[in-house]
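So that you can see what the record holds, here are the features copied from TrEMBL:
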TRANSMEM  26-43  transmembrane segment
TRANSMEM  80-108  transmembrane segment
TRANSMEM  115-131  transmembrane segment
TRANSMEM  137-155  transmembrane segment
TRANSMEM  162-187  transmembrane segment
TRANSMEM  193-212  transmembrane segment
TRANSMEM  219-241  transmembrane segment
TRANSMEM  247-267  transmembrane segment
TRANSMEM  274-294  transmembrane segment
TRANSMEM  300-317  transmembrane segment
TRANSMEM  324-344  transmembrane segment
Amino acid sequence: MTVYILVGLISLISFSLTRQYENVSVNRLLCIVFILFTGLSYTNGWDWYGYKDYYEYIQDNGFEAVNGYNEYGIEYLYLVYLYLIGLVGFGFGFFIFLNSIIVNVLIYRTCKKTAINYGLFMFIYLAASYIRLELSTIRQGLAVALIMMTYASLLNEKKKTALIYIILAVAMHRSAIIVLVFLPLITSVKNRNIHYLIVLFALPFIFASSEINKLLLQVLGYLNSGFFAVYVSKLITYLSMNAQASVNPQALVVLLLYGVAIFYCDFRIKKQVLFLNIMACQVIISLYCTFLTQLIIMRVIYYFQIGWMCWLVILYTEYCKPKWLCFILIVFTMTVKLSLNFRYEPDRLVFFPYYNVVSSLVDDNYGRSQGYILDKADDLLQE
């Protein structure tokens, strides 16, 4: 727990040193802290051993292993990514560290290009989903970072660059295709009333979610053949094996923040409109799509969380007064969120304590065993 608290405090210190004017050196130092935090991770998260197995098997068997894993539905470009890094000859720890550099530099550049305070953003992101994405589901963590750069490119009128980032993100994790689905909303909506309508029409979808879920399963059953069979079958599995999603308190908090952002948004300022539209996507998925399972919703909202996170920064920097009280509220809220996540969610089993690769070099019994993680995963499936 100490490491997580320390990283959060360093983020807040960075924010306090850069809130009046940008200090490149401070922000770069914070970026290095996050690179080390994720790059030295060892046996943290549910998927650490899974990616380790992929990496080592591809190293041992060459490019043939890439084609083999791809047939099971793992994205081809990500497998090539593993293969190319593996050619250097170093172990999985090297891959984790290099991946950490790429991801954290992308996030840093996103904040720089969108003029969002990096320190405050990273504190919020750390509490929201950074730990799960970058210490466990690292493939999707890379995809989310690429999507962040997509939004930064859209804000700066670089549409071709944005398209390249989206294609790369989808090639790394196919769930990123959801951003293409919502791209017209993200780039085109410039009217306050449309956002109010999004809030208003959420209720009917919530009540009809069960019937829509059944209908969707029937439609997918007809499509479960041919080229898309691998993807459709996985979607059917997700829809069938997990409990149907519900409107949880966190979704309602985002809805409340969305309402505040709608009220304050200056539609003449492109940055505010862009992040409001991105937040609208998360609201639609969380409230309109409860006919999907919680696992699917959790997977796809990662790509849109940047909307409410950036709006929280915007509200603090441009609208909220007194600043000290707003700052305390943000810190308190994010601290409570992080605490609740790891007190009541199963993730605490594989993230606490934080294990680092340096200590593993002097202690062969250091870290979590693969058997331990698999046993905990089986226990969750039986609940």
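The backbone N, Cα and C atoms fix where each Cβ goes, glycine too.
By number of Cβ pairs under 8 Å, the transmembrane segment (300-317) is matched best by 115-131 from the list 26-43, 115-131, 137-155, 247-267, 324-344. The stretch from 80-108, 115-131, 137-155, 162-187, 247-267 that makes the most Cβ contacts under 8 Å with the transmembrane segment (324-344) is 115-131.
Counting same-chain residues at least six beyond the ends of the transmembrane segment (115-131), those with a Cβ under 8 angstroms from any Cβ of the stretch are 4, 7-8, 11-19, 26-27, 30-31, 34, 107-108, 271, 302, 305, 309-310, 312-314, 316-317, 330-331, 334-335, 337-338, 341, 347, 351.
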